[in-house]
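So the structure is just underneath, and the comments pick up after that.
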């Protein structure tokens, strides 16, 4: 039986023998494509070639690609663990042709590999072909069908509809028919009962798709019409885990050697056995799948967070923790302990797991601990909600309450449902779903972009000349209109550009496009599928005219200084803190720089000072830039250049050197370190577990900051009568202020006690109710303290109502004893209505509520209104 490693290697070896160049997996986290957060298919790293933005270096390519599918079109997350074949992170084996071979070779080689190399039984294989689409004017893919007929009987060739057998990159872009290969893994007796043909694409767990051959031959335009692609593309993808299942004779991906070591480790940790309990098995599969996703995301530079891709990873991690907590009794952090098992299983194929082991473990552990605390908070809130619901005589909590738990506190709906079932209660799912849809719609509206078709003026690709020039004559290749948030913008592609497109943490250049007719402002430059896009607010009236592309040199110079400073900072951090320092992110703007790096504790003030001294010493040394442009990657490594985890490098790279600082980098830099001027670190903080962040200024911004500091010191000296030692004067002031504050607090306590005693002596008893009312210029906190003290002493029939002035703002406070609440009075309802008299509003709990307002003259009337509403 072939192992997973042998299967992966056999695929690469087979296609290498067919003239394919084997490329490494791209990072799972995507950084230069605004339409995607994660690599969700093998073709993602080739999008710029498929879209025609760059020529293909190799016309035949194959690889094994790390993929992640959790959102959008490929949303498999909620199915993961519940069936035998869906995953979040998976490997995609694929082969591509860019303008070389097409359907015939793709089908022939797929058959040869599956049947002749892997020895799969051909009688168990089925192929689907596109049946055509009359409304699109597309006929059946008879060409693909004719090639399959060489290998398969006609009843094993199945027509598929547009949904299953016409692949599209998105709403616009390359597309075409596809042919899926399915395998029937059922035992013979099951195959005798019903044909596999009838189960293809019907979600049968043992009749599954293993390979999809996509024949890209069209381009979908913004108006929905299709046009032929200039160069046809073959894009195939085969699910590695499913292939392992088929070859190893298993009925579940999780029964293969891809997952079994992890499942056994989880079972041992939980004191159970895989295969004994359905719900526990689901939990173990969820964890076994999700630990891979989380670990690989962290190695590729994406940490869990509350935004965008980071939020997706946090969600996946929390889903795994929740299943462990609910079904496996894992009440403490546990997932980080599984990393050695993952490394044993996949470390050879993906050595980045080994290199990043310490960081991955720490991030996962801290995320687990934080979410376990959240779960405890959520359970307490749910307990209160259940109590309030039962007190109202109901057994169903509102969907809005459940959504608040989910959205604000990260408390999952299915866990809410589980706890409710245990207490004989339910949740209004329709209300919950309505709240969820409203939130999704708000997010869609915020992110919605309308993109027009590209208008092509001339063919060609973009040459970047920005390392050598800040002005360059250029012509527009193509442009399109986009609309976002009620703003119309234009994206312009030039044949040559000195504009640096945002990447590697450095923001894009701004500037102008100048022709003999007009000047167009470039407000940003982005990179989309490796293509520099110039963003403008208006389109040139004469787009075919040649123009000078002129970069804003002041902003460019400031960016260059900050970018070079990050390199010096990285080098200095390694020298001061240790060689474990690895860059985890950066942001370089004209105003400042931000640098994220792996480190497991706070950087001390003394260490920051040492780092600053080292960086500024190199700046004063005026070290010249040494640039190695377009050199082989192996040569770069021999130079000692530092590569970033999660970045994909080509075979030829650019290296930037300032003395001992040597890094792979495609950004803009100063000619010599002296141009930076000076570096001043302005903050150091934690970003995530094991990741610290430094923010700093350079050059003129340091000067501005020093001016501000000097102005502040001068002002303080003036305030302290030009004391010779400002530090001593401030400390003395703080000590004196603390003493005075203590005196005020003591006075307020005495006043509070005195007022309470007076109120007790002046209780009015009306219809058996002990009414305490007053109006005084007191802080809200003092009134609250008095109210709770009185409630502790008068346990029945207490009706407390007070008007107060807190910093000139009128406040109304009501406190009721429990028996009055039980009798139907609600403090919140009383203050809500009475607050109108002080032009305000408020609320609170049934026994205690407050309201604030604007009209101080209405306080006494508001007090009387409370009594009137209560019927007193």
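Just so you know, glycine gets a Cβ as well, placed from its N, Cα and C.
Since the structure is predicted, the reported quantities are computational estimates derived from the model, not experimental observations.
Neighbour list (residue 563 (Zn(2+) binding site), Cβ cut-off 8 Å, at least 6 residues apart, same chain): 505, 506, 588, 593, 665, 667, 668, 669. Secondary structure at residue 563 (Zn(2+) binding site), taken from DSSP and collapsed to helix, strand or coil, is helix. Among the features that Swiss-Prot reports, Zn(2+) binding site is placed at 563, 567, 665, 669.
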Residue 669 (Zn(2+) binding site), Cβ-centred 10 Å count of other Cβ atoms over all protein chains shown, is 24
Same-chain residues at least 6 apart in sequence with Cβ under 8 Å of the Cβ of residue 567 (Zn(2+) binding site), in sequence order, are 656, 658, 661, 663, 665, 669
Within 8 Å of the Cβ centroid of 563, 567, 665, 669, the other same-chain residues by Cβ around the recorded Zn(2+) site are 560, 564, 566, 656, 663, 667, 668
